[in-house]
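S.K.: Before I ask anything, here is the structure I am working with.
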Amino acid sequence: MAPDSGSFPEGPPLKLLPVDTRDRGTQRCRLGPTALRALGAHLGSAVKISLPDGGSCLCTAWPRRDGADGFVQLDPQCTSPGSAVGAPGSGGIINLNRLRLVPCPPLRSLAVWPELREQAGASGAPSPAAVLEAVQELLRNRPVSQGYVVAAPPGAPGPVAALHIVSGAPSPNPAGLVTPRTHISLSEVPPSEEEPQPEVPLGGLSEAADSLRELLRLPLRYPRALASLGLEVPRGVLLAGPPGVGKTQLVRAVARETGAELLAVSAPALQGARPGETEENVRRIFKRARELASRRPTLLFLDEVDALCPRRGGPHQAPESRVVAQVLTLLDGIGEDREVVVVGSTNRPDALDPALRRPGRFDREVVIGTPTLRQRKAILQVITSKMPISGQVDLNLLAEMTVGYVGADLTALCREAAMQALLHSEKNQDNPTIDETDFLEAFKKIQPSSFRSVIGVTDIKPVGWEQIGGLEDVKLKLKQSIEWPLKFPREFVRMGLTQPKGVLLYGPPGCAKTTLVRALATSCRCSFVSVSGADLFSPFVGDSEKILSQVFRQARANTPAIVFLDEIDSILGSRSISRTECNVQDRVLSVLLNELDGVGLKTIERRGSKSDQHGKCKQLEKNEELEFQEIFNSNVIVVAATNRPDVLDDALLRPGRLDKIIYIPPPDEKGRLSILKVCTKNTPMGPDVSLEKVAAETCFFSGADLGNLCKEAALLALQENGLEVTTVKQEHFLESLKTVKPSLSHKDLTLYKNLFQKKEFSILEDI
C-alpha cells in the first residue's frame, strides 16, 4: 500500500454522487484521473475520507469508469460509528483535502464484535462457527480500522448485519488489510459506547503538519529498523511561532493521527514554590512518559517551554539554572527509550537556553509563521464549515482583508460575526444567518493580536486620492513606487523590477505630505504604522533601538505594511567624521539602516511557503497568484517625510534604502483651484463666488493655508450674518485674504530649489 502522504493542501471540490449499483459492497471509491494523480494513489490504495457529517470512511481508490474529473463515488461500507452506514446523499461537496492515503499493512490478528440480523422464523441464534465463517467472508481482502463499523452489503446472505472492529491494527497505523493469514476472533464484549472524536482538519497547517509527522513517524513506527541501521533520529522537536498560530492544536492532531499516547503538560504549571519542587515535578512527568511508553509510543508535549527553561547566566537565576540542568539531564536520558518523543512549543525561541537547542535534545525546529493568504482561507473554511454562512460571504475577500491574523484571531473574528448576526436577527432567532455586514462589524472590534501591542499603530481615517487637490504627478509617482508593486507583482517580476525599500517625501510644511501617505495606506489596503520621536525616545540606554526593532519585527508579521516616519529629521541624526561621540539618534539611525538592508531577519518571522515562488508567476492560477502576490510583498516599506532633507545622513539616501526621493512642491494656480474645490465641497457657496479668482490671489499659499482660508471665510459669514446664514460669498474670501497670510515665501522656495541643485541631491526628482 502507499505510504501516508498527509492531507492534500487546498484541493478542488469534488461533487459527491450516489454509489454505482455495481460497486455496492465493494468498499471502492471512484475518482477521476486528476484526483488520483494529486493524491498519488494507485489501484486499490487505502483512502480515508472525512465526510461532511463529521465522520470518516475507509475505502480503496479506483478510477471512474467514465474518466470524468470533479466527482467522487464511494461505497461507505467501512465507516466511523458517528457516520451513517448507508450511502451518503448525493449533491454534497467533498474537498480534495478531505481525502488522505493511509498505510495499510497486513494484519496478523483481528478482534471483531458482530451485530447479528433478526431472522424471521429462525429457531435459535446461529452457531459461533457460522458467525465466524460469515465474518471471514465479509472481511476478506478488505482494509479496516480500529473503532470502525463494517456493514454487510444489502441483500447479502448470512447472520451478520455489521461488524465492529474492536482491535487489530497497530496503533501507529490508521488501517490494516485483512488477508487469508489474518487470525480473526469474535469478541464477547461490545465496543465502548463512547464515540471517537471526529477528525478535525488542520486548516493552513498542512506544511508544518507534514514536517512534524515525518519526524514523529520514524522513531515511533520503525524503531527496530533504525536501531539496526545505527541511525539516531531526533528525540526532541521544538515548535516555534507567534501566539495563536495553532502549535498546540497541531501537536494534538498529529498525535491522534499517528496513534501515539499524548502527555500534554503546561510548563508553567510545573513551577513549584518550595526549593526543588519544580525539579521533582519535571522528573515525575518524564517518569510518567516512560510508563506510558511501555504500552504504546508516547509523545510528551511541553507547552510554553521557555517558562521552564529560560536562558541561564543572570546573577539571581540559581533556581532556574537547576531546573534547566534537570531538563537537560532528562532529555539526554530519553534517548535510551525510542518510544518517547519530546515536543516543546514556544513563541520566544530566543529566550530558551541554548543548551536545549543542540543536537540530541531539541535538535529539530519547526517554524510556524503567520498564515499566508492561502492558509488564512483554509483556516476560515474550517472555522465556518459548521456556521450558517450566507452565500454572499466571500472567503477569498475575507482572507485578503485579514492580513496579519493568526488562527486564534480568525476564530475570534468569526465568533464576533456570529454574535453580530445573533443581535441583528431578533425576528429570526431560531435560524440566524451570518452575512458580510456582520463580518464588517466584527472587523471593527477584532484586530490582529500581533498588532495589539505595536507602538505607533493608528486608526487612520480613510482618505481617497480624489480628496487631495492637485499634485497629480506626485500621486502618480507614489502609485508607481508603492501601490503598483503591491497590486501587480507579476508584471514587476517579469520586468526584473523589485519593490523599493523606502520613499522619502520632502517639501515645505503644509503641502500634504502626511495626507498623501494616509491616502497611500488607504488605497493599498495594507497595515499602517506611524512612528514619531515621542514613541521612540526613552531615557534608558538601548531602549530606543529596541523599540524601533520591535516596530519592524511586528510590521513584518503583518506585511504588506507601511512604516511611516513623520518628521524623520527629528528622529534620526546625521553622522559626522569630526564628531566622535555617538548619541541616541546615531544609534537609532544605525538600527534603521540595518532594518532597511534586511540584516537581522529572524527565522521565526518567516511567512509563506519555503519554495521559491518568483520563478512560477506565469503558471499561477488565481488563488496561487494571490499567494505569490503576498509572498512577493513580504517586505516592509518605509515612507519618511521631512521639510529638512539637508540634515539627513547621506547613508540613508543611497539606493537600496530610501531610494525613491520625491519633492512635494507648493501648489500652482491649477493645484490651488483643485484644493479650494476640495475644501469647499461641503460648504454652501454663493453664486458670486469665483474660486478661480481666489486661486489667482493665493500665491505662496500651501494646502494647509488654503484650508484655513476657507474656514476663515465661513466663520466671517457667521459673524456678519448670524447663525441663520446659508451661503459664503466672495466678499468673505476677499476679507479673509487680509488676515490669512501665506506660510511660504520666495526665500523658502529658493532654498529648496538650491538644495535640489546640490550635487549630493542630484538624484532627487523635481516635479
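The first residue you see is number 1, and the count goes up from there.
Glycine too: its Cβ is placed from the backbone N, Cα and C atoms.
In case it's useful when we look at the structure, here is the feature table from Swiss-Prot:
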BINDING   G241, P242, P243, G244, V245, G246, K247, T248  ATP 1 binding site
BINDING   G507, P508, P509, G510, C511, A512, K513, T514  ATP 2 binding site
MOD_RES   M1  N-acetylmethionine
S.K.: Using a Cβ-Cβ cut-off under 8 angstroms and a sequence gap of six or more, which residues of the chain neighbour P509 (ATP 2 binding site)?
M.R.: N643, S702, A704, S743
S.K.: I need the CA-to-CA distance for P242 (ATP 1 binding site) versus G510 (ATP 2 binding site), whole Å please.
M.R.: 41
S.K.: Identify all same-chain residues not among G507, P508, P509, G510, C511, A512, K513, T514 whose C-beta atom falls within 8 angstroms of the centroid of the ATP 2 site's C-beta atoms; report them in sequence order.
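M.R.: The answer, listed by sequence position, is A641, N643, I664, S702, G703, A704.
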S.K.: Just checking the binding-site residues G507, P508, G510, C511, T514: which sit within 10 A of G246 (ATP 1 binding site), CA to CA?
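M.R.: Passing the 10 Å Cα cut: none.
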S.K.: Please identify, among the binding-site residues G507, P508, A512, the one with the smallest Cα-Cα distance to V245 (ATP 1 binding site).
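M.R.: Going through G507, P508, A512 one by one, the Cα closest to that of V245 (ATP 1 binding site) is A512.
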S.K.: Pick out which of the binding-site residues P242, G246, P508, G510 has the most other Cβ atoms within 10 Å of its own Cβ.
M.R.: G246
S.K.: What are the sequence-distant neighbours of G244 (ATP 1 binding site), meaning same chain, six or more residues apart, C-beta distance under 8 angstroms?
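M.R.: Long-range Cβ contacts: V406, G407, A408, D409, S449.
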S.K.: If you measure T514 (ATP 2 binding site) to P243 (ATP 1 binding site) at Cα, how many Å is it?
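M.R.: Here the two Cα atoms lie 33 Å apart.
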S.K.: I'm trying to understand the geometry here, so how far is the Cα atom of P243 (ATP 1 binding site) from the Cα atom of K513 (ATP 2 binding site), in Å to the nearest whole number?
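M.R.: Here the two Cα atoms are 36 Å apart.
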S.K.: Out of G241, K247, T248, point to the one nearest G510 (ATP 2 binding site) in space (Cα versus Cα); all of them are binding-site residues in the record.
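M.R.: Nearest candidate: G241.
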S.K.: Given the binding-site residues G241, P243, G507, which one has the fewest other C-beta atoms within 10 angstroms of its C-beta?
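M.R.: Comparing Cβ neighbour counts within 10 Å for the binding-site residues G241, P243, G507 gives P243.
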S.K.: Which of the binding-site residues G507, P508, C511, A512 has its Cα closest in space to the Cα of K247 (ATP 1 binding site)?
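M.R.: Checking each of G507, P508, C511, A512 against K247 (ATP 1 binding site), the shortest Cα distance is to A512.
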S.K.: Could you list the residues of the same chain, at least six apart in sequence, whose Cβ is under 8 A from the Cβ of A512 (ATP 2 binding site)?
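M.R.: Set apart from A512 (ATP 2 binding site) by at least 6 residues yet with Cβ under 8 Å, we have I468, L471, I664, G703, A704.
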